[in-house]
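Working notes, structure below.
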């Protein structure tokens, strides 16, 4: 299918001013750049994509927009039109090329299915954008897929500075997927190399020559050899797979044009593509997870204020309450957590955590808090900290509220949660399955550190649930009314130990018999999601790691001194975390990498 000829003026907004020239300035003007925007069914990511383009630190008078959209079944066209109407006058030139019909390709099985006709049409569009940039006299053209979010506002300047003919900013994703290949076979297929992971993980930093970049990359239109580059038609000798990214890689190779990827900076994010049989909802869920990852790892994504977005409809997912324990003096954590819940459309309620730094012996005596005789941290040998007392009291207050209000089931989050992909959908499905099996339960871990996962048995009829063994952390769990009653009935305040040590005692899985002897009955029915649905945002040793329980005063020390116990095994990134789909946990390349 050939790209359609230029549309009538009513369909094509072509605001072509003369190429900006320097006028009375001491320094030469910045190079001119065309931003090529090709959007299809991008409603879920366009607001953040366009917001990132708006924030690029680059004069609008030196930028042109080339925008095309086609074959949409969502609101992509209206979003782009709204955005161009709001910001288009700020740019040196704007090309607007929408196609309302058809809404799909004849042979496609769904909107994420790549047919030969779709590949060809995309190549023709990219070629049209490239031709426009050359005719307009631009110095560069930036291709950036609409689910690639350039959170670094210096991206254009940083890519232009080294003077490379074709260069990509290395983008991060939810997995090890990125926008470059380190190896390619003689037949044009992906080849694994020893360089990929050190590059992707930034164990080696710089700008490196690679055989292919895709999704987001900058092409210098002044560099030697780039005048021969083309997306369509393919090179006369081309025999590799019919795919736009491979066609362009071959064109670079044939023209002798070096291709580089740069990873010294964090430039932004790209969404892991869904499989061909999946739909737009799967892609939307993936992108929400990418937003959440950016909130943790930074910098965050910001949506354009010039685009109307579908309204959010937060819910409690069928629970009576969704509690978020958060210290008032950690507003950044609270804001991140509430933003994460909002993005997932989860309605949460903040519970101000008890601040261990505000506790003293007098307050704890008034509350009836006393140390469990003989308690020591299992790894550092230290005693209970005031931070751990505050943490326990925070959870305890929620258990009390559950019983007082008669809440049938609740979710409890701490404010350092990293959510796994499709957290909301997977939790809702898990609870539906638990209800269908009529499983009696008191507590279900959603995130924890397993000590002996090989000893945990899958619950019959519930493949995503295991009987919980000895575990650390209380960052995310589901609690029933019956479970809250059991926890309170054990009167734990007068024989306190960390809350994540207390819970395994209550379901009789703690290895310390002396500790267990202080509590009876130990009949809490505890389970865990498998794979886990949440993990900590950071671990001991990470640059952003911070703990108000590990960096604290001993429980009976009123001097105010803070001691950091950072070597506890509990806070380290352990190999026994049962995670799936999270950042850095999947080593399998995406199918498109195996072309």
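Cβ coordinates are placed from backbone N, Cα and C, and glycine is handled just like the others.
As recorded in Swiss-Prot:
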type     : residues : note
SIGNAL   : 1-24     : signal peptide
CARBOHYD : 75       : N-linked glycosylation site
CARBOHYD : 153      : N-linked glycosylation site
CARBOHYD : 237      : N-linked glycosylation site
CARBOHYD : 360      : N-linked glycosylation site
REGION   : 576-595  : region 'Disordered'
MOTIF    : 592-595  : motif 'Prevents secretion from ER'
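All features noted in Swiss-Prot, drawn onto the structure.
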| residue | record | Cβ contacts under 8 Å, 6 or more apart |
| --- | --- | --- |
| 75 | N-linked glycosylation site | 43, 310 |
| 153 | N-linked glycosylation site | 55, 56, 57 |
| 237 | N-linked glycosylation site | 254 |
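Its Cβ placed at the centre, residue 360 (N-linked glycosylation site) has 14 other Cβ atoms within 10 Å.
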